[in-house]
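Here is what TrEMBL says about this protein:
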DOMAIN    258-329  domain 'FYVE-type'
REPEAT    20-51  repeat 'WD'
REPEAT    172-205  repeat 'WD'
REPEAT    215-256  repeat 'WD'
Amino acid sequence: MAAEIHSRPQTSRPVLLNKIEGHSDAVNAAVLIPKEDGVITVSEDRTIRVWLKRDSGQYWPSIYHTVSSPCSCMSYHHDSRRIFIGQDNGAIVEFLISEDFNKMNHVKTYPAHQSRVTDMVFSLESGWVVSTGQDKSVSWMCTESGAMLGRHYFTSWASCLQYDQETQHAFVGDYSGSVGALWWDPVQRLLFSGASDHSVIMWDIGGRKGRTLLLQGHHDRVQAVRYLQLTRQLLSCSVDGGITVWNMDTQREEAPQWLDSDSCQKCEQPFFWNIKQMWDSKTIGLRQHHCRKCGKAVCAKCSTKRSTFPPMGFEFQVRVCDSCYDTIKEEDRTALATFHEGKHNIAHMDIDPSRGLMVTGGSGHIVKVWDMTQVVGCSLATGFSPR
């Protein structure tokens with residue numbers, strides 16, 4: 001199945017196809033079943049459900065299974081139909097789903113953590129299940145024997161995880177850095193992170209130069225990110241339901257480091273902690289600000305302007321010094337992202353680029369299935385019709 005790339009009209013937006021209702025608590029993970037009109041969900045209500053689309057156009061559960069502890073995360077491997085469920089009690093439970101998606105058999109239980117499992121990845125190639133937990137650790141266990149192969153502890157609890165199959169490196173976001181979501185692209189070797197400061201950062205791991213790109217286009221905590229390698233787009237979702245689609249196939253600039261100074265680097269007036277200069281000049285110290293474009297420490301009088309600057313990731317207006325404002329051309333203010341409203345809390349997102357489908361779930365107990373073909377520029381190949 002191939003994907004076509006189409007031009008994206010400016011008015012294009014996600015189209016809500018279905019709402020899946022039935023959970024009595026937060027939906028912590030939802031994934032689309034490849035080549036099927038189906039969705040798998042796990043919830044705080046301790047249930048694992050496989051939903052298949054019926055002739056009526058609605059999704060109904062073909063599997064409804066309850067486990068002993070709230071389900072916190074999930075890793076599903078479609079080719080082998082193996083599914084791993086992380087739980088609040090620290091255990092990971094593995095099941096095998098039947099070919100018709102109507103039955104699920106227990107395989108084994110892994111004692112992975114001492115408290116809630118926050119994220120996990122199943123690697124068929126290495127035969128490992130790698131997981132992070134609120135016990136401040138990342139662990140890796142053998143799926144053949146069920147034995148613990150290794151564990152590493154952090155200073156704070158680990159919140160999210162990505163795993164590189166080729167090098168067997170794990171990328172872990174922890175709570176001290178307020179990182180809530182990670183996505184690893186093994187082709188371009190790019191790592192994307194979303195955080196509670198409303199930002200997304202692209203880390204160029206493959207470039208080996210420490211290059212990072214800051215993307216600011218949310219009004220609340222970012223909880224899901226996904227990079228689409230085919231169309232060079234990044235999708236990010238936040239707790240307030242915001243869905244942002246970033247154009248990464250364009251020239252972008254790194255945001256500068258903020259500079260330190262005891263006085264304004266434009267007018268040289270002292271900041272309020274610069275006692276000596278205040279005394280010498282008989283002036284009252286000023287509050288320090290920073291220009292987002294040049295990074296210089298400036299006072300309010302030298303940074304009266306606000307501007308967007310999408311090439312540096314600033315899709316909303318930010319403080320810039322007056323001299324930098326004069327250098328920003330009108331074309332520099334052209335948005336490099338589109339903004340959409342999911343109208344529900346989004347804690348988890350999955351997308352099938354080949355079909356242009358996205359599923360979102362969160363604390364509102366509702367799962368939504370979206371048509372994203374006009375947003376991400378992908379459509380079904382001619383002649384393919386999902387069940």
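Even glycines carry a Cβ here, placed using N, Cα and C.
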Beyond the flanks of the repeat 'WD' (172-205) by 6 or more, those residues with Cβ under 8 Å of it: 132, 138, 154-166, 211-227, 229, 234, 236, 238, 244, 246, 248
Secondary structure tally of the repeat 'WD' (172-205) (DSSP, helix then strand then coil): 3 helix, 22 strand, 9 coil
Secondary structure content of the repeat 'WD' (20-51), with strand meaning DSSP E or B: 0 helix, 18 strand, 14 coil
DSSP-derived helix, strand and coil totals, residue by residue, for the domain 'FYVE-type' (258-329): 19 helix, 20 strand, 33 coil
Number of helical, extended and coil residues in the repeat 'WD' (215-256), per DSSP: 0 helix, 21 strand, 21 coil
